[in-house]
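A.B. asks: Heads up, here are the entries from TrEMBL:
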{"type": "DOMAIN", "residues": "B:1-101", "note": "domain 'FAD-binding FR-type'"}
{"type": "BINDING", "residues": "B:52, B:53, B:54, B:55, B:69, B:70, B:71, B:76, B:77", "note": "FAD binding site"}
{"type": "BINDING", "residues": "B:220, B:225, B:228, B:245", "note": "[2Fe-2S] cluster binding site"}
């Protein structure tokens, strides 16, 4: 496995594969299928200060090679995540990336400060790009000044490195990336879902109760590859790439675009074993490509 | 729950757009109980992306076979309907909690109320109840005569009434009308069908011992994605919830908001 190990700020990973936040709960469901220590890291579901129920149902709609969701950051709240979910995860020797969200700056600061002190949380993923909540979320992730300011404040209180999760729903993602790097971000996570909608032909209404939702799955992979390719050549902080990854080939493509680790999201819903399968298949693919260590692939497609 | 490639041993069109599919497996069948569902992958690739939740209609542990009944109409279910005997499908399951047979005692009477594509899971339930010495009465509602299936099979197990909304077969009206008009008495209600029907059952029989199987669009089917969450009844905080895929799909009358 030494061909796959990866050192990123805060994250010493036995392989660069982690399940993406929001697609893996807090790990309990998938622990019924395999040992979570197989994973490089786990990005847990977003935590907010308060307990959140989320949006009305239907919350998911299918699209061609993708899925729309508008879960609305449902989570048990910071106190419960700290006392129950993270404590339960302590039985596994795997670094946790804590995704944090909020409706106002103070919320983000409180969650970041407290969750970063949990002993198995090795990094924070600053979620400024969730498109499915009315307040907060994406409103922080579309204005470089606002994103930059929030990144600075979260960095000040966090005991662990901070990865800023960027939204693709912006005109210039490079501008956003540069702004949060200058504000002190230790890394980037990109991309979050693309805003989308589907309409029920018979009811003549959007399928999702929320109207629109975030598009994920293989349908968005080319967008993610393009954005990571652009951003990674401009910033000097590492990128955790995500967006439609479902195979070892996809992982290599993300690395060639400039990612240093990847998160697998929607594919977990289709195949609960997708992460361990990718991890098992990567060495064979590296052989095929004549690559000794996966780090050799990072940015391999740059000019 | 496991993921298993199962072989199609039979695929039959049994009503308008309704198919009965028999799947041969290894381990998965031995785990299944009445009222649980499967998450079926209908294509090899990623289009369509998600698995389809389909309830289990009957379980044959001796032959290692499961029968499911589904309505084809959308793109994914049409792809499933086009699969042939001998084809393999990836199945995640069995999922969900299932109907509690133990809630009814031997010698008691259960009414099983099904609506449309909610009828299938009641079939295995009925067999299990009958095997326990419980008298079963079936009230099956469909839109029209072309939609009716399994009437004979249910009749073999107990008293069976079919109702259609347009009156083209059986009783003209709703399942509730049948129960009231025929003066059907029972100790337990088991039901699966569209939410308006389940609501009507709960409103008509709020104090009865009863179990309702819910349906919702799902992402993962295993409790990780929080797509199929519903509110708990009489919850002043508004944040208590149940996941239909893992806490359900079967809930007691009065347990969750319909």
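Each Cβ is built from the backbone N, Cα and C atoms, and glycine gets one as well.
A TrEMBL annotation is a machine prediction, not a hand-curated record.
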A.B. asks: Relative to the Cβ of residue B:52 (FAD binding site), which residues of the same chain, six or more apart in sequence, are found under 8 Å away?
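C.D. replies: The answer is B:39, B:40, B:41, B:42, B:70, B:76, B:77, B:80.
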A.B. asks: Of the binding-site residues B:220, B:225, B:228, B:245, which sits closest to residue B:69 (FAD binding site) by Cα distance?
C.D. replies: B:245
A.B. asks: Within the chain of residue B:71 (FAD binding site), which residues six or more apart in sequence place their C-beta under 8 angstroms from its C-beta?
C.D. replies: B:17, B:18, B:19, B:77, B:116, B:117
A.B. asks: I'd like the Cβ neighbour count for residue B:54 (FAD binding site), meaning other Cβ atoms within 10 Å of its Cβ, all protein chains included.
C.D. replies: 24
A.B. asks: Select from B:52, B:220, B:228 the binding-site residues whose C-beta atom falls under 8 Å of at least one C-beta in chain A, and return them in sequence order or as 'none'.
C.D. replies: B:220, B:228
A.B. asks: Write out the long-range same-chain contacts of residue B:220 ([2Fe-2S] cluster binding site), meaning residues 6 or more apart in sequence whose Cβ is under 8 Å from its Cβ.
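C.D. replies: The answer is B:227, B:245.
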A.B. asks: Roughly how many angstrom lie between the C-alpha atoms of residue B:228 ([2Fe-2S] cluster binding site) and residue B:54 (FAD binding site)?
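C.D. replies: Residue B:228 ([2Fe-2S] cluster binding site) to residue B:54 (FAD binding site), Cα-Cα distance: 15 Å.
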A.B. asks: Please spell out the DSSP helix, strand and coil residue counts for the domain 'FAD-binding FR-type' (B:1-101).
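C.D. replies: Secondary-structure composition of the domain 'FAD-binding FR-type' (B:1-101): 12 helix, 49 strand, 40 coil.
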A.B. asks: Looking at the binding-site residues B:69, B:225, B:228, B:245, which one has the fewest other Cβ atoms within 10 Å of its own Cβ?
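C.D. replies: Among the binding-site residues B:69, B:225, B:228, B:245, the sparsest Cβ neighbourhood within 10 Å belongs to B:69.
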A.B. asks: At the level of the C-alpha atoms, what whole-angstrom distance separates residue B:54 (FAD binding site) and residue B:225 ([2Fe-2S] cluster binding site)?
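C.D. replies: For residue B:54 (FAD binding site) versus residue B:225 ([2Fe-2S] cluster binding site), the Cα atoms are 18 Å apart.
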A.B. asks: Over all pairs in B:52, B:53, B:54, B:55, B:69, B:70, B:71, B:76, B:77, the listed FAD binding residues, work out the largest Cα-Cα distance in Å.
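C.D. replies: It comes out at 16 Å between the most distant Cα atoms.
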A.B. asks: Once B:52, B:53, B:54, B:55, B:69, B:70, B:71, B:76, B:77 are set aside, which residues in the chain still have Cβ within 8 Å of the Cβ centroid of the FAD site?
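C.D. replies: Those within range, site residues removed, are B:40, B:68, B:80, B:117.
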A.B. asks: Within 10 Å of the Cβ of residue B:77 (FAD binding site), how many other Cβ atoms can be counted across all chains shown?
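C.D. replies: Summing over all protein chains shown, residue B:77 (FAD binding site) has 19 other Cβ atoms within 10 Å.
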